[in-house]
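As structure tokens, the structure follows; a few thoughts come after it.
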Ligand SMILES: NC(=O)C1=CN([C@@H]2O[C@H](COP(=O)(O)OP(=O)(O)OC[C@H]3O[C@@H](n4cnc5c(N)ncnc54)[C@H](OP(=O)(O)O)[C@@H]3O)[C@@H](O)[C@H]2O)C=CC1
Ligand SMILES: O=C(O)C1=N[C@H](C(=O)O)C[C@H](O)C1
């Protein structure tokens, strides 16, 4: 039996779930010890390899998170907010590092996650890629250098199956811009313009969400002033970048003190 840290993947049939399985199988530093889907899902009780269209893998898809997390070193979770809150409690109870890629949490749900993190290591980011996390730091710097004559807009585009808006990444970029400006995002955020909106309020940070086709994830931070514009852009073309970031986080989290961490901690940015 290998002594590599063992990983359980939740939402294993999903776009990210399947990408994570492939990355863990390709990894020399982690091994796959469990796979979770919701109760009633077609894949539950079946071999994961067969469900993914290949040979049997010897990992049976389960709907019993608490049992699957027992003895695991990490849980990698890209699912939905309500599911992630339940997984956070189970991961903390099992002392497994909980890597959270799920987006779309309400303020109350984030408070629930914080409570669970008192008992376990939790690493959460709306985007696990190196490129986007670096872009947050560039955004903060540019926002700090420019005054309110520069309007800030975050524009994001994703595939037509995405259920939350603005994206987790757009919110990270908005937070970074607000931090650079020395303001609270909640005080200046402008979302969902429609109809007679009135002129743009100076100092606001605006958000626009595009949904279409199979776009993996595209984000612009636009700084617009009279006579000139700056655009900071990240284009994701392969979900592998998010999965590899999550694996890095699962390893980084081993033997850390309980608490909430993000990808800036993991990447040392
Ligand atoms: N942080 C990052 O870097 C990234 C974050 N994301 C985020 O990850 C999440 C998932 O994205 P994506 O993979 O595209 O979505 P999918 O809809 O393809 O996958 C989500 C999976 O989670 C499953 N699920 C939902 N609820 C439960 C539950 N209670 N128990 C077990 N499984 C559950 C779904 O099952 P079912 O189909 O039955 O509902 C589905 O298999 C989203 O919030 C997305 O924004 C995505 C990419 C990168
Ligand atoms: O749902 C997605 O697909 C993605 N979600 C994350 C987000 O909300 O920002 C990350 C990435 O952009 C893909």
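For all residues, glycine too, the Cβ spot is worked out from N, Cα and C.
Those TrEMBL annotations? Automatic predictions, nothing curated.
Source: prediction; values computed, not measured.
What TrEMBL lists as domain 'Dihydrodipicolinate reductase N-terminal' is 7-128. Annotation comment: TrEMBL describes 11, 12, 13, 14, 15, 16, 37, 101, 102, 103, 125, 126, 127, 128 as NAD(+) binding site. Feature annotation from TrEMBL assigns NADP(+) binding site to 38. The domain 'Dihydrodipicolinate reductase C-terminal' feature in TrEMBL is assigned to 131-267. According to TrEMBL, the feature active site, proton donor/acceptor maps to 158. If you look up TrEMBL, you'll see 159, 168, 169 marked as (S)-2,3,4,5-tetrahydrodipicolinate binding site. Annotation comment: TrEMBL describes 162 as active site, proton donor.
Cα-Cα distances to residue 38 (NADP(+) binding site) place 11 within 10 Å, out of the recorded positions 11, 15, 162. Over the domain 'Dihydrodipicolinate reductase N-terminal' (7-128) the predicted model carries a mean pLDDT of 98. For the recorded (S)-2,3,4,5-tetrahydrodipicolinate site, residues 159, 168, 169 set the reference point as the centre of their Cβ atoms, and the other residues of that chain within 8 Å of it by Cβ are 103, 126, 127, 156, 158, 162, 164, 167, 170, 217, 219. A Cβ distance below 6 Å to any atom of ligand 1 is met, among the recorded positions 37, 102, 158, 159, 169, by 37, 102. Measuring Cα to Cα from residue 102 (NAD(+) binding site), the recorded positions that fall within 10 Å are 168, out of 158, 159, 162, 168, 169.
With a cut-off of 6 Å between Cβ and the nearest atom of ligand 2, the binding-site residues 15, 37, 38, 125 reduce to an empty set. The separation of residue 162 (active site, proton donor) from residue 15 (NAD(+) binding site), Cα to Cα, is 11 Å.
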